[in-house]
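Visitor: Sharing a structure, written as C-alpha cells. Questions coming.
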Amino acid sequence: PFFVNRGGLPVDEPTWERMWRHVGRIHPDGDRVAQRIRGAADLPKIPIPSVPVFQPSTPIPERLEAVQRYIRELQYNHTGTQFFEIKKSRPLTGLMDLAKEMTKEALPIKCLEAVILGIYLTNNMTTLDRFPISFKTHFSGNYFRHIVLGVNFGGRYGALGISRREELMYKAPVFRTLSELIFDFEEAYRRCWHTLKKVKLGHCVSHDPHSVEQIEWKRSVLDLDKLTREDFRKELERHARDMRLKIGKGTGPPSPTKDRKKDVSSPQRGQASPHRRNSRGDRRPSGEKKPADSKAMPDLNGYQIRV
C-alpha cells in the first residue's frame, strides 16, 4: 500500500522509479508485480494526512502534538527504500524545500526525514527552540543510530520524531532539564535491550526558512564509555547553557539572506547624489569626514566565498 499514489496526486518520476526498481530487486516476480500495480485502475485511494494549520491563539504544546500526529500519520518507512535523499550539508533553505515536497507526496518517512519535517512545520513557532539529538546504541553485536528533533519551550524540553518504537519518538515538553530528557531516552532504550553509547547534540536551528546556513548537527559529542554518570549530566547541562547564551545574547550568525540584502543596498546608498553626501559632511567639523570603510562598503566577494 505504500506504493499507491495517495489521493491520486502525482509523485515525481525519480521517486517512483526508485520504488519500482526496489520491488524488482527484492520480489521474485518484481517486474510483473510492478507492472500489475502500475496498470491497475481500481486501487483504493489512500487518504493524504492534512498538514496542521494553527490559529494564533493555539498554545505551543498543542501545536507540537498536532505536528507529531501529522508525522505519525505519514507512517514509518519499513520498505527499505529511502524515498527522500537528505544531505546534512545542504543549506536550510534546500532542506525546507525538501520538507515541502514530503508534505505533497505524503510517503512514509524515517527518523532523519521526520527531523527535517519537524523543523519545517515549527518554523513559525518563534518562541520554540529546535535542535537535533542523535543517538548511537549497541544491541546484539550491532550498532544502531537514531535522531530526533529536540525542542525547548518555556524552559521545558521535549522531542519530535518517528521511530519503530513508540517510546523513542515524541516527548511532550515537560522535562525541566536537557539531562532529564536524555535520561528518559536512555531508559527507553534500556527497555528495548539497547545500550546507549553516544549522544550528539546540535545547536538551535534558525526559524528563517530561506536561510542558507547549515544545520549544526553535532556541536557536542558525548561518549558514554568515557564519561562518568555525573560528567555526562554536566556536559548535557553545559550544552543547554551554551544554547541559552547563544539565543540570549544573539551571538548566533545572522541570516545570510539578510546580509545579502544589506550588502547589495549599501553600495547603492553610498552612490547617492553629491548633494546628499555633502550635506552629511557639512554637519561634521572640517577634516573629520568619515571615509568609506568596510562597514559602509561590505566586501561582496567575502559573502560570495561564504555562500
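Cβ from N, Cα, C; glycine included.
On a predicted model such as this, the values are computed, not experimentally measured, just so you know.
From TrEMBL, for reference:
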- Cys111: active site (ACT_SITE)
- His146: active site (ACT_SITE)
- Ser163: active site (ACT_SITE)
- 279-293: compositional bias 'Basic and acidic residues' (COMPBIAS)
- 241-307: region 'Disordered' (REGION)
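Are these features on the surface or tucked inside, and what touches them?
Guide: For Cys111 (active site), the Cβ neighbour count at a 10 Å cut-off comes to 21, with all displayed protein chains included.
Listed in sequence order, Cys111, Ser134, Phe135, Thr137, Ser163, Leu168 are the same-chain residues at least 6 apart in sequence whose CB falls under 8 Å from the CB of His146 (active site).
Counting every protein chain shown, 18 other Cβ atoms lie within 10 Å of the Cβ of Ser163 (active site).
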